[in-house]
Structure formats: C-alpha cells, structure tokens
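This report refers to the structure that appears directly beneath it.
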C-alpha cells in the first residue's frame, strides 16, 4: 500500500485542501469550496466533512474520523500537514494501529515522531511498545524498550506479555526475573504463557513462587491460569489446593473462576466435582454449559451428557455451534443416529447457520452412523462445504462400501479448489483398500507428495500396505515398508498381518506379529490372529504355544459383543450368551435359519475356530456368535421389512459375514452390521463390501 512508504517532510504539501481523494483506490476527485458554518452540518459526504475539518484546523477530529474508517493513507496525509502534532493525535493514530494490527502504519507514525522533534512521554512510548508487541514485531518492541529513558511497570508487562504469547518463554522469564516490581498482570502473563505453550509444570512452579511473594495478591485471571496449569498436568491435588486458596481469598464469587475450577476438575477426571461447581454457578452462559456437556462425553458418560444437553434445551439459553458440534460428534462416536436426528431437527427449527462447522459435524455424524443419504443431503445444502465436510463424506462412502462415490467426491473436491489434507487422503486410500483398487490406490498414494506437496504420514503408509496386503501383493508391500522414512507403526503391521491371514502367508505373518509383540505385547488381537493363521494351517501345537504365551503374559482375549437398539432400548449379546429374556426364542429361530441356509447352499467356515475339535462341534461354536444372536433378535423383535442395524466391538468373522448374507436373503431384510472396521450393508444375499474386507 502506498502510504507505507511515506516519509515526513515539512517542505512537501502532502494534502491539497482543494483536491481530496475519495478513497485510496479511486482517482475521482472533488473540488473544495468554502462553506458557511450552517452548510457544514448539511454535508452529505465524508470527504467534504474532512475538508471542512482540516480548513478549520480541527485536525484531531479529522484524524479520528479517518482512523475509525481505517483510511490510514489519508490520516497520514493529514498528519504530515502539521508542524507540531499533539500527543493526543499521535496517541489516536497509535491506538488505531493497535486495534487494527496495522504494523506498517504504526512504523510510519513512529518515524514521524522521530523526525518531527516530538519527545514522547512515557504514555506515548508505552503505546508504541504495545503496538509493536501486539503486532508480533518483538524485535522492534525490544528495541523500543531499550531506547526508553523512562520505564514503568506497564513497559515491562507489555514486553513480557508479548514474549510469552509468542512462545519466547526464556526471553519472557529473563525479563520477568529482572523486573523491579511485579503486579498481578506480570504473574498472569508469565503463568498463562507457560500454560499456553504446554509447560504446565513451570506454570505451577511460578504459582508456588507467587504464593510466597509477600506483596502478590491473586486475581481471577491469575487463579484461572493456575487452574489451567493444574488441569494440563493433570494434578487433582494441586487443583484442590488452588480451590482452597480461592475459598480463603474470597474469589469464589467470580464466574470466571468457577468456570476454570469446573474445567480443572473435569480434566483431572473428577466429573462429580466439576458438576458440583457447575450447579453452584449462578450466571451460566452457553460456554459453561457446552464445557460441562463435553466433559461428560469425554469421560464416557454419554447418558449424563445427553441429559444435560436436554436440560440446556429446556433453559432459556440457546446452544451455539460448539454445543451442537460436540453433541453431534458424541452421536457419531457412539453411533447414536436417532439422537443425532433429534439434534438435527432442533438445529433446523431454530435456524442454525449453514456456514458454521455445526453443518460439518452433521455430515460427520450421519457418515459415521452409516446414513449416507442424509450425509449427502446435508452436504449438498451447505453453501460452501469446508474440508471437514468433504473429508467426512469421502470417508463415510469408503467405510460404507461405496468406493466409487468416495473417489468421485474426491475429484469434485479438487475441482472445487479446496485443498485436501493428509486426513482426506486417508479416506481416499481407505476407499481403494476396501474395494481392492490397487492401481488407483497406488496412483493416489504417489500423488500425495508429487501433485499436492504433502508429506506421507504413517496413516498413509498403513492404508497402502492394507491395500497391497489384502490383494496379496506382498512383495510390493515389503518394498514400501523397507523404504519408509519412518518406523512402521502398529496400524501398518496390523494391516499387513490381516492380509497375511486372508492369503495364508505364514512367513510374513510371523514378521508382522513379531513387530507387533514388540510394540504392544498386551494387545490380544495379534495373538488371536496368529492363532487363527496357525489353526487354518492345522498347526495346533503352535496354537497351543500362542495360548500359553497369552496366559504367561496375562493377556486376555477381548470378548466379542454385539448390540442392537430396538424401541430406544439397547440389547447386548455375548457369544453363546443365554441371559437375554428371549434367549430360547432366539436360539430356536437361529436353528431354523441354519437349516434354511444349508438348503440354500451355506457351508459354515470353520477355519478360524481355535479348538482342535470335531467339525460338528466347530459348527456349533460358530452358530451362536454375538452378531448372529443380535441379528436373529432384531428379526423376531421387529415387523417384517424393518431394516436391522447391529454393532460389534470387534471385526466380524468370515463365517458370520457369509451367514448374514444368507439371512438377509432368507428373511428379506436389509441388515447393516457396523464392526470395528467398517459398515457392511447386507441385502438380498449381497454385501456392500463386495466380500473384500
């Protein structure tokens, strides 16, 4: 911008009162005509008003108006007319630069002060110091500080706060330690700087130092920073000590302190204490409500989270986009689509902003719950979908067995001008992996850095190894692993092990398992998968060794469980579980289904039954897996034609997957199974995954 290079010179008339420019971007001009006092108040244009004020030598008023309208070029022009600008004029200009973070304009004003011969007092000097600090020009701020002949507490505080906010904590601490005196702002700036830049222990040490300081009296901001430090460690004991200090010093009447206290208890895992504080607060705003609701969800207490959200809706306080996004993300994580739909309905009734990220949370929720029709409907209703929305839709289609739709939306994303990030590519590569699109997946993988300038992440490598291993292309997979610029993580080795299980590659499975035993020896999934591979190969002695190793290391297989929600009640099933009230009816129905399935050509897959027993016993063991029990109950407990949606905490087994395909055809039901890996939509004997999972 032109005004940035203006230099002060008394010999140059920089403002012609007979010719005022209407704006910095226009060549249009107006001639000035002398006006009577009466006509002055009838002026219709700001340009005429500025002319009139300058003619009357009311330069301060003219500069005030120009600064309010951010017309800094013209404000500098007016400034350059003055032989001896007043301190108030300089103060106005500098304050405007601070408010608008206009660093270059501020530098011009500072240069003007130097050339004009004006000697700034402490107030103007502190203003300049603040301007440099708040515009993140800490070199100039420090230079200004060093040049000041007079400094006060404010001078020190401004520079320390600037250093702390920028993360230059060593510089901030050096100055803090050299301060001739300190006030609450000094302590708060330093403590909050440590908290903001992930150094909570240093923050707490400073809190202890402050407590020992004879003249220091904590205020609400200092205490809030101390509580944030205790929450970040986290350390409930220290948090409670600060709580006691709050009660003793009479700060317990401040809502800011109560909010920080509630947050500390929540982050330290004491949700009951957090709720106790929340209930005592008189003026709870939407931020406080949202924070408490989120604490419940983060602590795995979903019912209380939803109950508190319902209580918020009954209050007079309107939820904001953060509230809705938090609840919708909880619905996504918990597969609570019905609750998510109710939240969506409420958002629609009160008229939520389609530009807000609450819309993105809706797309994410529907995608994670497997309802891609609604996910796409919400997406298409967004005026300008953000990257989160695009990525949620792409990942949703990938997880739900619609790779072509996922890849199509990725191409649309590129055409829209939106830049994908590494998470977007995880969705794209997952789509290729779930569909066996090896060549396409490799092209996308190589395009990440070649075309999009992104760096491959561990997740990208895990996805491409998953794709190659599922397709049996182990030589290529090993080549990529050996050339990786980082150590393979547990997800990559687990992907490779899963592919080895499918294609019975015992040699490579051992390599993957050894790496996993080293990384996470407590994870039962590795032991179980290796046992499955040995069982398939008929190597029962190796299966026994695996079982003994698990016993020796205290590793317990995570029990497979499935659940289904019917009439807002969740029914949970374990393998062979007889505890359900309708267990006899369920088992009888499964027996009838088993006969029909065998008539239709179903052959039980007993390869992965980990007991060296008779084939008939193996089939019996398979018949009552948890997902089969849940599906059977769903069919007998709902009207004909009702879709069935079952959730499972582990990956569904091959036999159950095949069996449920047969059941979907025999019972004429659409059956959706969400396992730990993806959605399977089974209908009329077919699955959306195309049996490639």
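In case you wondered, yes, glycine gets a Cβ from its N, Cα and C as well.
These figures come from a predicted structure and were not determined experimentally.
Lifted from TrEMBL, the feature list:
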type   : residues : note
DOMAIN : 601-693  : domain 'DYW'
REPEAT : 152-186  : repeat 'PPR'
REPEAT : 254-284  : repeat 'PPR'
REPEAT : 285-319  : repeat 'PPR'
REPEAT : 386-420  : repeat 'PPR'
REPEAT : 523-557  : repeat 'PPR'
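Within the chain carrying the repeat 'PPR' (285-319), a Cβ under 8 angstroms from the stretch's Cβ atoms is held by residues 255, 259, 262-263, 266-267, 269, 271, 274-275, 278, 326-327, 329-330, 333-334, 336, 339, 346, 350, all 6 or more beyond its ends. Under DSSP, residues within the repeat 'PPR' (285-319) fall into helix, strand and coil as 26 helix, 0 strand, 9 coil. Across all of the repeat 'PPR' (152-186), the predicted model scores a mean pLDDT of 93. Taking DSSP states H, G and I as helix and E and B as strand, the repeat 'PPR' (152-186) has 26 helix, 0 strand, 9 coil. Mapped onto DSSP classes, the repeat 'PPR' (386-420) shows 26 helix, 0 strand, 9 coil. Residue counts for the repeat 'PPR' (254-284) by DSSP state, with H, G and I taken as helix and E and B as strand, are 23 helix, 0 strand, 8 coil. Across the repeat 'PPR' (523-557), DSSP assigns 27 helix, 0 strand, 8 coil.
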